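K.L.:
Sharing a structure, written as structure tokens. Questions coming.
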Amino acid sequence: MNGVVGLTISTGSVRGLGSSYSYEDLDKIAQYVLTCTKQRPKIAIICGSGLGGLAETLSEKECLAYKDIPNFPVSTVPGHAGRLVFGKIGDKSVMCMQGRFHMYEGYPAWKCAMPVRVMKLMGVNTLFVTNAAGGVNPDYHVGDLMLIKDHINMPGMASNNPLVGDNDERFGVRFPAMTEAYDKKLRKLAHEIANNLGFGDFLRDGVYTMLGGPSFETIAELRYLRLIGTDAIGMSTCPEVVTARHCGMRVFGMSLITNVCVMDYEDDRVPNHEEVLETGKMRAGDMELLIRRLVSEMEDE
Ligand SMILES: O=P(O)(O)O[C@H]1O[C@H](CO)[C@@H](O)[C@H]1O
């Protein structure tokens, strides 16, 4: 196990406000993962609930279960296989996380986002994040694809930011800007590709709001979220994106609208995870195609 097993995870902050893996801990994990694949990816893709199929489309596929990586968290949610998949899209090396970590599983924000730092230390410079999300914008339909133009990090705003605790300047500055979290050039290219693919009718551009979960939202909460500018909601993504931007990675984000949020007291439909996974199956192929084209056509950083 290359000495990784024995590492002790440091408690990052003496003030008890956050604890985290040290730079050295994460580097050991990154070096271990690199020994398990021949790929040297500069692009990583985090697959959302029910969206892991993209990883199956890679050529020269190699898989590594999270449980086999020393000191790596494990996935506990249906629809998240819990493994890294390495391979190629065209001639580009990529790595996929088939399954992510959520705060409602009991992981603090920094732990949900720790794979992003591992990726950075492996040489990744561009992060794609995908998720299943509920549509709050009344114009959205089940099966729409939303390019994330910005986010509202609800847990982050309440001090559950993945960067809470001591700051290691080797990753980034103490106070990183989040004004252009989602790369404009990649979004523009994604729009062009989506239009060429005939996806224009179901392509959206919107604001993703992260909530802690795991309970779905009350009607009053949904009305409030719409009022503050939310187009779609979910329980993930923001810790990963904040951590990626902190360490200078380029980020592209996309949500699949798996359900429309019920915002009317007279409507008795209720959201559920099975519906989320079913919709994933319906539109996942289109999402995969768009991401594969984007990876192939984008310029390297
Ligand atoms: O954000 P991803 O992981 O795609 O999953 C979304 O789907 C689940 C709820 O059905 C929640 O975990 C929510 O965050």
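Heads up, the Cβ atoms here are built off N, Cα and C, so glycines get one too.
Under the heading domain 'Nucleoside phosphorylase', TrEMBL lists 42-295. Feature annotation from TrEMBL assigns phosphate binding site to SER49, HIS80, ARG100, PHE101, HIS102, ALA132, SER236. Among the features that TrEMBL reports, purine D-ribonucleoside binding site is placed at GLU217, ASN259.
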K.L.:
To the nearest Å, how far is the Cα of ARG100 (phosphate binding site) from the Cα of GLU217 (purine D-ribonucleoside binding site)?
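P.N.:
Here the two Cα atoms are 21 Å apart.
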K.L.:
Can you tell me which of these binding-site residues sit near ligand 1, meaning the Cβ is under 6 Å from at least one of its atoms: HIS80, ALA132, SER236?
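P.N.:
ALA132, SER236, by Cβ distance under 6 Å.
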K.L.:
Compute the mean position of the Cβ atoms of SER49, HIS80, ARG100, PHE101, HIS102, ALA132, SER236, which form the recorded phosphate site, and then list in sequence order the other residues of that chain whose Cβ is within 8 Å of it.
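P.N.:
Once SER49, HIS80, ARG100, PHE101, HIS102, ALA132, SER236 are set aside, the remaining close residues are GLY48, SER75, VAL77, GLY79, GLY99, ASN131, MET235.
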K.L.:
Near GLU217 (purine D-ribonucleoside binding site), which residues of its chain come within a Cβ-Cβ distance under 8 Å, counting only those 6 or more away in sequence?
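P.N.:
The answer is GLY134, LEU211, LEU225, ILE233, CYS261.
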K.L.:
Calculate the distance in Å between the alpha carbons (Cα) of ASN259 (purine D-ribonucleoside binding site) and PHE101 (phosphate binding site), and round it to a whole number.
P.N.:
21
K.L.:
Taking the residues the record says bind phosphate (SER49, HIS80, ARG100, PHE101, HIS102, ALA132, SER236), how far apart in Å are the two Cα atoms that sit farthest from each other?
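P.N.:
Greatest Cα-Cα span of the listed binding residues: 14 Å.
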K.L.:
Go through SER49, SER236, ASN259, the listed binding-site residues, and name the one with the sparsest Cβ surroundings, counting other Cβ atoms within 10 Å.
P.N.:
ASN259
K.L.:
Please average pLDDT over the domain 'Nucleoside phosphorylase' (42-295) for the predicted structure.
P.N.:
95
K.L.:
What is the one among the binding-site residues ARG100, HIS102 whose Cβ has the most other Cβ atoms less than or equal to 10 Å away?
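P.N.:
Most Cβ neighbours within 10 Å: ARG100.
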K.L.:
For HIS80 (phosphate binding site), which residues of its chain lie six or more apart in sequence with Cβ-Cβ distance below 8 Å?
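P.N.:
HIS80 (phosphate binding site) has long-range Cβ partners SER49, GLY52, GLN98, GLY99, ARG100.
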K.L.:
Enter the number of other CB atoms within 10 angstroms of the CB of PHE101 (phosphate binding site).
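P.N.:
A count of 29.
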K.L.:
Write out the long-range same-chain contacts of ALA132 (phosphate binding site), meaning residues 6 or more apart in sequence whose Cβ is under 8 Å from its Cβ.
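P.N.:
Expected: GLY48, SER49, GLY50, LEU51, GLY79, GLY234, SER255, LEU256, THR258, VAL276, LEU277, THR279, GLY280.
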